[in-house]
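Okay, so here's the structure we're looking at.
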Amino acid sequence: MDSVTPTLPRNILSIQSWVSYGHVGNAAAIFPLQRLGFEVWGVHTVQFSNHTGYGAWTGPVFEPGVIAELLDGIEARGVLPQCDGVLSGYVGSGGTVAAVVGAVGRVRQAHPQALYCCDPVMGDVGRGVFVHPDLPALIAAQAIPAADIVTPNQFELELLTGQKVETLADALAAAHALRERLNPAGPRIVLLTSLVRADAPASSIETLAVTGEGSWLCRTPLLPLDPPRNGTGDAIAALFYGQFLRTGSAEQALTLSMSALYALLDLTHRLGTREIQLVAAQGEFERPRHLFAAERVE
């Protein structure tokens, strides 16, 4: 009987918020990535009781120095060369942006092929900017040029580029403009999430992946989730990033991640819960039962 040689999982450093109750930030990203087969080294930028969508919460925002201190400890274990990528989301304060970019630099120094995926959490349609007013400019100036993959929602793409997105042509133009500002040594992928445009079929929502090899659009039915569920953007950033690291294909990653996200949100809707049902939907993350195929648009 042939023996199978065991292999170690790949490793991702994820720097985001954390909540004790519910699923946003690292609490929405770590588990899906683990289900995709990754070891995740979680570094938390805040430790809140629950997400801020409830209007009240408790807990601290961590000082930027905490991130560097935790990286010191990880580096002391001699494992940074084994880190395959960095994922960042909600950062909490301006100094934390520089700390995240510093962490990316340290990982790349140890492992030059490591990919940085930046979810530029700043705001959303209907809510406007919900972070400190200084953060959008700092993210644009520091995190975006370091990123290999960036996953803005429609509001954040407009904020980062100054371009209004109302049609598919608008979305492609803005995504290409942002893509030109990403790390020139990387794949330069823009994943535009929660795209709602005037020239799309009714009752649908789309995600657009723009790369140097082409652009793909994935459309799913728009579920009547009111209010919109917090953590959705954190989950899709993690799912897309993980699937891209697994497949090396933006098209495949878009199909698989959006199909998994739809299954997650559909189950959340059917159960009628305020929090996204990550644990209940976990079987959909690696191999979604129903695929929404990405369509090439350029």
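Glycine residues also receive a Cβ, built from the backbone N, Cα and C atoms like all the rest.
These features come from Swiss-Prot:
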{"type": "BINDING", "residues": "Ser17, Asp234", "note": "substrate binding site"}
{"type": "BINDING", "residues": "Asp119, Glu156", "note": "ATP binding site"}
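Structure coloured by features recorded in Swiss-Prot.
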residue : record                 : DSSP (3 states)
Ser17   : substrate binding site : strand
Asp119  : ATP binding site       : coil
Glu156  : ATP binding site       : helix
Asp234  : substrate binding site : helix
Binding-site residues listed as Asp119, Glu156, Asp234, least Cβ neighbours within 10 Å:
Glu156
Set of same-chain residues at least 6 away whose C-beta sits under 8 angstroms from Ser17 (substrate binding site)
Val24, Gly25, Asn26, Ala27, His44, Thr45, Val46, Phe48, Gly89, Tyr90, Gly92
Could you round the CA separation between Asp119 (ATP binding site) and Asp234 (substrate binding site) to a whole angstrom and send it over?
8
Nearest-integer angstrom distance between the alpha carbons (Cα) of Asp234 (substrate binding site) and Glu156 (ATP binding site):
14
